[in-house]
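Novice: The structure is given below, and queries will be raised subsequently.
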Amino acid sequence: MLTIGDSRFSSRLFTGTGKFASADQMLAALAASGSQLVTLAMKRLDLKAGFDDILAPIRQSGVKLLPNTSGARNAKEAIFAAELAREVLGTSWVKLEIHPDPKYLMPDPIETFNAAKVLCERGFTVLPYVHADPVLCRNLESVGCAAVMPLGSPIGSNRGLETAAFLKIIIEQAKVPVVVDAGIGSPSQAMAAMEMGASAVLVNTAIAASRDPVKMALCFADAVVTGRKAYEAGLAQVHQRAIGTSPQQALTAFLSE
């Protein structure tokens with residue numbers, strides 16, 4: 001079981017809600033994934049209508065909702081979005097996202113840290129989306145973040161774990177869960193993240209943009225479980241030279257008789 005804040009999860013696959021062809025397709029993929037934590041951008045909700053055709057079915061499914069502050073350009077906007085989510089959705093959980101550059105969607109480390117500090121002081125359960133920066137992740141942990149969410153590669157790029165070397169350092173040092181977020185484009189990449197010791201992965205585009213999102217969600221669910229089992233089993237050590245599986249000396253002794 002994975003514990004984040006005051007909640008426990010049996011599934012280590014977290015999912016997003018964007019880019020699906022329809023709400024029905026999203027719900028079917030969500031069910032297939034087995035995910036128990038789903039992130040949703042506050043900017044996508046129709047709060048004036050009093051009913052949202054995306055939010056309502058997600059709540060009915062029983063999964064935990066993780067509102068995110070995607071679209072916020074600075075700490076002030078992100079804090080406002082988080083407070084709005086707590087008031088409207090009744091949750092103090094927030095995925096903190098601040099990316100002022102609309103082209104590359106790179107998270108702003110300074111504004112993210114400043115917002116995280118304020119939100120933690122106000123009683124939020126903060127999961128910040130950040131660069132794979134070990135120092136930043138340690139600092140975010142120190143101000144009270146419940147988990148850290150370093151990127152594997154840019155959002156929606158499907159380029160995989162380009163930051164693998166830094167993710168390994170973050171995982172080694174962290175005292176809170178590490179959720180690899182952004183850029184995971186295939187089940188094998190999700191498995192690789194889990195094999196290196198990530199607590200969980202968050203996947204959206206790779207599922208939603210696939211030809212069959214429901215089948216792809218099943219594939220990701222299996223990959224995450226397998227990757228976690230491999231990590232717990234302990235991967236064999238990597239060597240730079242060949243190491244035979246049979247004793248060579250015994251063979252040469254036999255031939256010389």
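Glycine too: its Cβ is placed from the backbone N, Cα and C atoms.
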Novice: In Swiss-Prot, ALA182, GLY183, ASN204, THR205 are given as binding 1-deoxy-D-xylulose 5-phosphate, so which of GLY144, GLY156, GLY234 is in that site too?
Specialist: GLY156
Novice: Show which residues of the chain containing THR205 (1-deoxy-D-xylulose 5-phosphate binding site), separated from it by at least 6 in sequence, have their CB under 8 Å from its CB.
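Specialist: Once residues fewer than 6 apart are set aside, THR205 (1-deoxy-D-xylulose 5-phosphate binding site) is near GLY16, GLY18, LYS19, ILE155, GLY156, ASN158, GLY185.
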Novice: Can you tell me the three-state DSSP label for ALA182 (1-deoxy-D-xylulose 5-phosphate binding site)?
Specialist: coil
Novice: Just to be sure I understand the packing, how many Cβ atoms besides its own are within 10 Å of the Cβ of ASN204 (1-deoxy-D-xylulose 5-phosphate binding site)?
Specialist: 21
Novice: Using DSSP and collapsing to three states, where does THR205 (1-deoxy-D-xylulose 5-phosphate binding site) fall: helix, strand or coil?
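Specialist: Once the DSSP labels are grouped into three classes, THR205 (1-deoxy-D-xylulose 5-phosphate binding site) ends up as helix.
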Novice: Between ALA182, GLY183, which of the binding-site residues has its C-beta surrounded by the fewest other C-beta atoms within 10 Å?
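Specialist: Each of the binding-site residues ALA182, GLY183 was scored by Cβ atoms within 10 Å; lowest is GLY183.
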Novice: Across all the protein chains here, work out how many other Cβ atoms are within 10 Å of the Cβ of LYS95 (active site, schiff-base intermediate with DXP).
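Specialist: There are 27 of them.
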